[in-house]
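Here's the structure we're looking at; comments come further down.
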């Protein structure tokens, strides 16, 4: 009897596995189970079906082995950047560009893209335009490629400033440029190149928002169109956290865009992109996009640009993103808007969108959201790891009366927040109370109790200093807790009053050993640096604190972390010229070891020790001028110390003019005369530039 005809088992199994794999990949596009239904009906998916997918992308060819070897060596040379002269590097770059001619697409879509990124970083405006034109017509495929997407991102960032430069300078000869050597070359402005690129992506924006590689490039392009500054890589929503940072040794290659003036065509294109990105998408799918790991950050950026560039009145436009997300007026429990807000508060992705809404929403809308969902819940929300950041954004928009009410709720939760090491809401609360002139006494009382030790308030508990026992720790987790603790301590010191004095007193009472440990700790030392240059630090505190390091300055100057504390001591010795000279003497005693160390050489330079060694009198005169011509004042009244010590920051170390010094000394003399009931005695000290005699130096 004939058997039923069947296909071979292995081929059928392979097809079945392929179908299962495709289904599984599709279901992973959204991370929430309730969004799986979106895959079948989401309009974004229909757009994606029409767009070129990665498995159907054109193949641009491969480099042969000889070309790969050449480009690999060129990449290594550019990474090291050890050319004898700029001219040598220019010649080398010209030869690499010549070798890459006609191979740009092959390089961009392979591992050689690293070299192409470095070439873009060092390219001239003409070279950027040429590469733009080589990529033209292929951008839709390139932005979806694992390697080429990074090249596109770098190209956009490097080319963006040229748009503003072209528009700033009126070039009447722009259209009359002599023909280039290449008859096929098209002369076009950088502005039009960006617009042509956007035209290629038009109709696919919805799909690209959730594409693994293209979503990051799309965000960069949106920022460029808006003229907004591009945030640093560590905190930016425009770049992938997994992106390899391609750098050039010794070059200023931080790809940061400052705020720029962009042409009107860019703003028109941006408005069209914002409109096209959500047009035709039902509200249900748009809300699902809010918690998508790739689409969520893109939606945040679109919403931010919509409200900041086209007016908050856009909230009334039914086609706007903010109205599509929150259509109900008023927003009340049970409405679709309420369901969305309650769902975003505790979501790791969606909470960022809620922060954007709170930060940029019109005042009337913000008051509705705050009064309906957050006014009575500020304390409980602050305890949550995710919702705590939403609380921080809310605090930034509250008026004085609402802030006082929110403070009362959050203050009750401070012991719980400290126990859970969630100090970010406390830090923001202190900052806003200072800005709104709200009394911080309740916060001070709770923090003093929460961080109490055998000797009262202990700053080491905030900084987690005693927990460093030399054991290896995870990169994140506890290190983040230390960072947040350090930021809290620094914020407390900005408060002029009992709250800030908690930290200053605790630091001043540390033992010399613990002070050295504090200076050597990479995170905790930032608190010490901030304390030394704080405008609220008294002369008494700075003197006591710096004395803890006597005899150890040479060691600290050689430590990569503690060397920053030594630099801060220079600014911390304003009004303490004798101590500044004492520190310089210790540095001079350790000259050999400092000169042999890269870290030590920086400290030596910052303290101007070459001048100290060669012309000590000039150094002393300059040091005393910047440290205060009144030189060292021993044990001034605590009430006057804040007045006597000028504001000290790393930026504000300017020289005081003669008239300013005269006024300062006259005020100090009058205050002393009023207190003692007699005129100050005149000595034989040399006079300053104002003709007044400074007080004598008091030895320690």
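Every residue number used here counts from 1 along the chain in the order it is shown.
Any Cβ shown, glycine's included, is placed from N, Cα and C.
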Which range of 599-632, 667-700 is region 'Disordered', per Swiss-Prot: 667-700
For the repeat 'Pumilio 1' (200-239), mean pLDDT (0 to 100): 83
Per-state residue totals over the repeat 'Pumilio 4' (509-547) - DSSP helix, strand, coil: 28 helix, 0 strand, 11 coil
